Structures are given as C-alpha cells and as structure tokens.
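> Below are the structure tokens for one structure; questions will follow.
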Amino acid sequence: MEKTSFLCFSIIFFTVFFIFSSSFYSLSKPGFIGSSRCTEFSSISKTTQVHKPTTHDHKNSVPHHPLDPLTIQEINKVRAILSSYEPFASSVPAIQFHSLSLDEPDKNQVLAWKKGDPLPPRKAFVIALLNGKSHRVTVDIDSSQVTEHNIHTGSGYPTLSSDDLSTALQVTLSDAEFNQSVTNRGVALSDLACVTLSTGWYGSDEENGRVIKVQCYSSEGSPNFYMRPIEGLTVTVDIDRKKVVKISNTGRDIPVPKSTNTDYRYKAPSEKKKSLNPISIEQPKGPSFIVEDRHTVKWANWEFHIKADQRAGLVISRAMVEDSESGELRSVMYKGFSSELFVPYMDPDGNWYFKTYMDAGEYGLGVTALPLVPLNDCPRYSYYMDGIFVAADGKPFVQSNMICLFERYAGDINWRHSEIPLFGFQIREARPKVTLVARMAASVGNYDYIFDWEFQTDGLIRIKVGLSGMLMVKGTPYENMNQVPHHHQDEMTGTFVSENVIGVVHDHFITFHLDMDIDEDGSNNSFVKVNLVKEENLTGKSPRKSYLKTKRHVAKTEKDAQIKLKLYDPSEFHVINPSRRSRLGNPVGYKVVPGGTAASLLDHDDPPQQRSAFTNNQIWVTPYNRTEQWAGGLFVYQGRGDDTLAVWSERNRPIENTDIVLWYTLGFHHIPCQEDFPIMPTVSSSFDLKPVNFFESNPILGAAPTFEKDLPVCKLIDSW
C-alpha cells in the first residue's frame, strides 16, 4: 500500500524514469507562489496585487544555521572525498548511497550558537551499501577527512534506493515465466503497472540477502491501476543478485476488476450537479511570517528552524515562543519529526501476509514527497521549500516544492466572551484564530500522507496527519456479498468496495520523535503523570458522593513513563522544567494532549509487531541520545526489531531532571468502505503540545480584534 510504485510499461521506461527523476527537479525553484486578486481596504481598486514567485539558487547556496541541510556543493564534496577513500576508491561504481545527510552538531554546540557566530564544523553522515554490507561513514567536510567508519553487523538494511526499485522491476519484466503468467491472465504487457513491496521479516530463511516483492496491476482504461490488481501473482526478487527467487501464481481464477468508475481525475460537472464556487482567504498585505536564510521561520510569537529530510520528510527544530510579558524567546522543543510509519495489513494469505510496511525506514517520507499543488494542497501566499537529497550514485537532486508554509484562518475563534445585559455590562469580545501551518505530503505509492505542524499564538503546537489516496485492494472472484457463501463470509479480510474488489482491513501508526526542551537548554526536564482519581466524599459536608482529584507522579525511569491510553483511567502527561517556576510556584511545562487514536492489537510475538514494538505504547520517554532517533532502528529493511525504541526503553534508564525525549504514536484503524472507492476522502487525526503553567496568564490576551475597515473589498476581474 504505502509503497513506492512505478508505472512499468517497458524496461526502457524504467531507465528513462530514473534519468528523468534525477534531472526533472531543476536547481532553482519558487518560494512564494500565488497572488491576491483584491487589494483595497475601504474601496474597490482597479489594480491587483501580484506576489512574484521567488527562486532558490541552490547551486550557490551556503549554510547559515548549524542545522541547515547539506548544500549541493557540500554533497558533491562528500562524494568526491569518498571516491578517493579506501575501501570505496576502487569500488565507486559498486557503491550505493542510501543516505547522505547532515551529521548534526552536538546539541550543546547548537544551543550555544548565535546568529553571526561561525558555524560548528560541517559533517556528513553517509549510509552506503557495498558488497552486501552496510557502511556508516562520517565525513568532516571542512577537513575533507573521513572521521568515522563502521560496518553494520546487526539485522536489517538501509532504506531502499531508486536503483533497488528499478532493478526489481527490470528483473521481473525480464522473466519469461512471469510474462507468460501475465499474458495468461488476459493482461497485455504494455498495460502492466507494477509496485515494489517491502518484505518485512519472518524468519532466518529470509536472511540470505536483500529481497523485494513485486506485484502488478492492469492500467488499461484507467490511471487508477491500483483498483485493477492481478491477484495472487507475486514475484520475489533478490535485489543484489538481480535474480527472481520465487514466483507465486495462485489467483488464476480471480478476474482483473473492470476499470469502470475508477478514474478519479477532474471532469467538468454536468449542469445538474452542484459545485462549489472557488474560495480563497486573501492577504492583501502579504503573509505575516518571514523566512530568513531559507530555513528560519518567524511568525507572531514563534521562531523555529525547518528543513526537509530524505527519511523523515519534514523536521522542525529549535522551536521557541516569545513570552508575552518579558519578551524573552523561550525554548519549547529542540527537534520534532515523524520517526516511523507502520502499516500492517490484516490478511494471512500467502500474497498478503508480508504487507506490514514501515514507510519511513523502508522507503523514506521525504523522497516520496512530490511537489505540492498550489491553491489545492496549499493556499495563496504559501511559501514553498525544496528538499535536497541524493540518488543512489551519490549525486544530489532537488525535490521541489515539497514543503509549504501558510497562515490558516478557517473561521475559528481564539477566545471569546459575551455578557448578558441583565448585569449592566455590554461586552461582546471575540478574537479570530489565525495559525501558521508547515505542511508536507508524502505519496508513498497508493497512499498519501499529509503532515501538518500547526503553530498557534497561544503557544500550542498541533501535529496532524491526514490519510488520502487509494486503497490497497484484493481481487476476488465475487462481484457482490450475496455471492459469497455464508461459511466464507467470516473468512473475508475486508469490505467489498466495488465489483471483484475488496478493501483489506489495515492499520496506520505514525510515531513522532519529540525532543522537548522546556526553557533554557532543556537539560533539566522531567515527565509527570497527572492522574485523575475518584475520591469518595465521606465527610458528610455535602450531598455529593464523589469527586475527582489530581495526583502527580514524576516518572523516575523509562518503564515508569510507558503509557497506554485508557479512557476510564484519565491522565495528563506533562514535560516540565522543575528548576523554573511560575510566579505562583508551578513548574513550567508543556503537555501532550492525545486526540483520536488507535492501538495495535497484534500479538507481541507476531513478527511484524516485534519489528514495530514501538507501537506497544502510545507514549514513551527516553533520555536524550543523538543516536536514538528512528523508532524502528537505523536499519529497518528486513530488520528483526533488535534496535528499536522498545529495545532502548527496556534499559530502564533514569529520566528525572535530565534531557528527555517524548515519543508519541498516532494510530488509525482503517476498515474500508465503499466511500473509499476509487479514491479516499482525507481522514485526519492529531495531537497537541500545549503549554501548562508555561505562561503567567493567557498569552493572547492582547490580541487585537478584526474590524470591517481592516479587510479588503474584492471584485471579480478578468484572468491574467
């Protein structure tokens, strides 16, 4: 499902695709895109304001902040350094680069740095595959030296590269048995659309090399080939040996579903069909945020660093909020990002059981984040940011417009109060809620994941994930539930969403790494469980029988902070700085506020759950360790789960009054329905990071109301 897919009409296409994908993204891309079409505040104007798109000159860019991603020049330099470094020097054509990114400076160096100071030494962290072994290499860019080199000896492999996917498809389409199987199903080879699926890990017999599964669809008559599976045909390919290991062909009696009603592209509506008029929130004076040096964002009372990452997608760092009373910029979070995305399907069939994907570690959320669509993915006056990543040969390429920044106003209220005139007060006070959103959308094959980091003026950060795209469906010989024998209905692993098409039940779990640094350098933080407990009223002073009372418990060790959410055992979960108190003596802090979520119901000894044991709890807290960033481990592909968040937390290290990291897992159970066909309406869930005793009082009390004179008067004008 959440797989990188390639439309594979011929082997020539794959070669062209790879060349195209490396060169398509030009090295100069727009920042702001869009314009306001109405301008005057109090009267209609004959002119329009057009905000010219800005461009990013990536070829000549230089870093300005210790956390800025590597530039194109730096990536090229690292590649040149490694080309003359043994043992790589004599093996350059055989090396596959799976990751080449900034090796971030030590945290204390970043915290001590001020704008205008020299940057800490720039280093690169490289994961490369050579002769079946994974190499971890650190390169000092300034000195042109390799400072660390280790060969991975544990389980698992690096994130799949574009070369891996292309190889798997070429090997599959070159296999005569496979081609004959496709032809026998009545599908023309020219109509094939194939996807490359990670295999998970299910025992030692799968440890003889890197393998990948290939399954195919018919694209005849529709761009939505995902709804037309060639069911039961699965090819297992050894990527390194470039060889077909196994072909499973068990679905010969299952027809390829028809293409009827599968096309999801826009068509002009008929006269009978009602459609909405276009809508846009205009900003005649432009946006209220600024982006300095490409990565530092300043908006209202917030300042933070933002960048693209090949694996995590979008990374927020050094998030600080201004104190409304003192004017001080106070630290909230050192670093936050989506660490892993686990998607298990609930079908034990031989062609389905392995579909238990870990999309960040197996495919990469950043590299699958295609350009956002202006005015549809992001509104007018959005600021667009690119990602600079590396291909399998180590050469940089630009993933254009993969992040957007914009201000959102949806008619929500920041705060309000009105008084009934009965008491002599004529009070009608309300303030509109305007927020700042950083957005990325990863198209990991058929599924699209929309990640929003929303900053509010009251100090709250809302992290939201939206799910859209296409279901991963299973072909069936039946067209209707009425045709399914009663004794087989209980064996169905999903819902009919169309004729011959079943949407298989599955889960989505997104685990976030949240390095909360509450005030100062954050090295003296603690995790507090604030439990709501029922107390019996035994005093007889009132007719009340019971009431609720809060009891605070400071977690001493990691196991003490492992949280499974319970509706009838309510709690709040605070990260506090006990060394900094409010004027009333409360420790300042932030709390994680769960929204709608789900928990994994798989057995803990089920192989996919062993690999994704980080979803066994919704909340974890670990001591800060710069090597512990990926909840599923550094090497996820075919990993056994021996280097995950759950494994680290078993050490039960002390977490009181120290630098700690909060981990939160957002979950979805997805039982497909007909409304998910042929493309799913977006479903979303979120959680909040909310200040608790962090400010002395309501930080937005001084927010100004909006008056009619503040707003533009718009009129319809001709197109450009």
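The count begins at 1 with the first shown residue.
Glycine is treated like the rest: Cβ placed from N, Cα and C.
Pasting the relevant annotations from TrEMBL:
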type	residues	note
ACT_SITE	Asp359	active site, proton acceptor
ACT_SITE	Tyr447	active site, schiff-base intermediate with substrate
DOMAIN	65-150	domain 'Copper amine oxidase N2-terminal'
DOMAIN	158-257	domain 'Copper amine oxidase N3-terminal'
DOMAIN	280-700	domain 'Copper amine oxidase catalytic'
MOD_RES	Tyr447	2',4',5'-topaquinone
> Among all the protein chains here, how many other CB atoms are within 10 A of the CB of Asp359 (active site, proton acceptor)?
30
> Considering every residue in the domain 'Copper amine oxidase N2-terminal' (65-150), what is the mean pLDDT value?
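Value for the domain 'Copper amine oxidase N2-terminal' (65-150), mean pLDDT as a whole number: 94.
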> Quick one: DSSP breakdown of the domain 'Copper amine oxidase N2-terminal' (65-150) into helix, strand and coil?
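Split into helix, strand and coil, the domain 'Copper amine oxidase N2-terminal' (65-150) gives 24 helix, 29 strand, 33 coil.
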> Tally the residues of the domain 'Copper amine oxidase N3-terminal' (158-257) by DSSP class, grouping H, G and I as helix, E and B as strand, and everything else as coil.
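Result for the domain 'Copper amine oxidase N3-terminal' (158-257), in helix, strand, coil order: 30 helix, 31 strand, 39 coil.
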> Determine, to the nearest whole angstrom, how far the Cα atom of the residue listed as 'active site, proton acceptor' is from the Cα atom of the residue listed as 'active site, schiff-base intermediate with substrate'.
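Answer for this pair: 11 Å between alpha carbons.
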> So how many other Cβ atoms are close to the residue listed as 'active site, schiff-base intermediate with substrate', meaning within 10 Å of its Cβ?
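The answer is 25.
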